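Report on the following structure.
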Ligand SMILES: NC(=O)c1ccc[n+]([C@@H]2O[C@H](COP(=O)([O-])OP(=O)(O)OC[C@H]3O[C@@H](n4cnc5c(N)ncnc54)[C@H](O)[C@@H]3O)[C@@H](O)[C@H]2O)c1
Ligand SMILES: N[C@H](CO)Cc1c[nH]c[nH+]1
Ligand SMILES: [Zn+2]
């Protein structure tokens, strides 16, 4: 774990932290491309082959039947099921609040009404990770908003365990969220299945959901066949803190992200040297106590405790980092919030740890990583919808537009365009 003054970072150290590519996507590009190609040409048999190779599972049926899903949901502890439903209700509420007016108009001048019509995508594939941990929460985060938007066909892919079965809680979450089909395939092969379609797997218009570096590379390579949400790779947290931050809490939030993946990144940047010292000690202590020692220790090689000269310097660094999750644990929260330009999801105050958003507050945990928060918003209702612009124009309205349109069209040498307007007045 790096421990340094922010101003003394070498270029190499800074580049490793900022825009590091979520576990170096480029390194896996060729491996991923070969799997995509194989699935494209060999369909279900390639899906079975890679499931055997990467998940150690022999699967006959690729789709999980409705009966299996119902049975799995029944087998889940009722309290856990109630907690899933609690989380789903909050996610639903937050995403329903994002619903645009389905159709609206403004009259920009007499007889010229302009508007938009929003419609849902027809089919969406939700990737739910399942390699190092299973992610029932991701089933909720991807499927609930799709259904709120009105997507007709929502399919889910997640890798099976060695016994060829999908985690029952993930199946229960798929049911609570309203998935239409569930396939027990993961990794690159799942992305390929949903992008190209196979005898079993439905081809979808868009693939959403997070995954490791292989899944993320696969999503980025199939964009000619299916749109994607954004690169949502190995998890990251950046904490901006001052003396008011509790070191034990900050350290536990760093460990929480570190336990996701060896490529996860946990960083704290603070104006307080005293806090920095305490966080370093706490992180190392908590790393020894974690259940996921190997992943956490590898991931902590990417971690950093950085001391800044001012809060302004922390904010500049944060905007350069563009973290997936940003925690603000400072006295003057509003001032820091005001300065933030790029972050996937922001958690304000000592009592807003990232895991509340991971599971149950209602915000979406599928978020851009590796600096992509500079370009993309986290998963939200708009990812499942699109809009058409509309114009409703009367003869009086066209009168206003006639001369500019005819003159511009003629200047472009497009006589037909000009005549299409002119003819309406002849
Ligand atoms: N950014 C976000 O929004 C967000 C949200 C949740 C989780 N995550 C991230 O999702 C990831 C989950 O990763 P995971 O590994 O646990 O599950 P995963 O489902 O993403 O990946 C497992 C699959 O990876 C494939 N794979 C593994 N090694 C391979 C290899 N050598 N070659 C080709 N394919 C290979 C296998 O097919 C396997 O089924 C973590 O990085 C976590 O941080 C991100
Ligand atoms: N922190 C993850 C996003 O990077 C989401 C998650 C799901 N389950 C637990 N955590
Ligand atoms: Zn998490």
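For all residues, glycine too, the Cβ spot is worked out from N, Cα and C.
Annotated Zn(2+)-binding residues in TrEMBL are 257, 260, 417, and among 199, 332, 358 the one listed with them is 358. The substrate site recorded in TrEMBL includes 235, 257, 260, 358, 412, 417, and the single candidate from 95, 181, 325 that the record places there is 325.
With respect to ligand 3, the binding-site residues 127, 212, 325, 412 contribute no residue with a C-beta closer than 6 angstroms to one of its atoms.
Filtering 235, 260, 325, 412 by Cβ distance to ligand 1 (under 6 A) retains the following binding-site residues: 235, 260.
For the substrate site listed in the record, the two most distant Cα atoms among 235, 257, 260, 325, 358, 412, 417 lie 57 Å apart.
Residue 417 (substrate binding site) is surrounded by 15 other CB atoms, counting those within 10 A of its CB over all protein chains shown.
Taking the recorded positions 324, 358, 412 in turn and counting surrounding C-beta atoms within 10 angstroms, the largest count is reached at 324. Ligand 2 lies under 6 Å from the Cβ of 235, 358, out of the binding-site residues 189, 235, 358, 417. Its Cβ taken as reference, residue 235 (substrate binding site) is surrounded by 26 other Cβ atoms within 10 Å in the chains shown.
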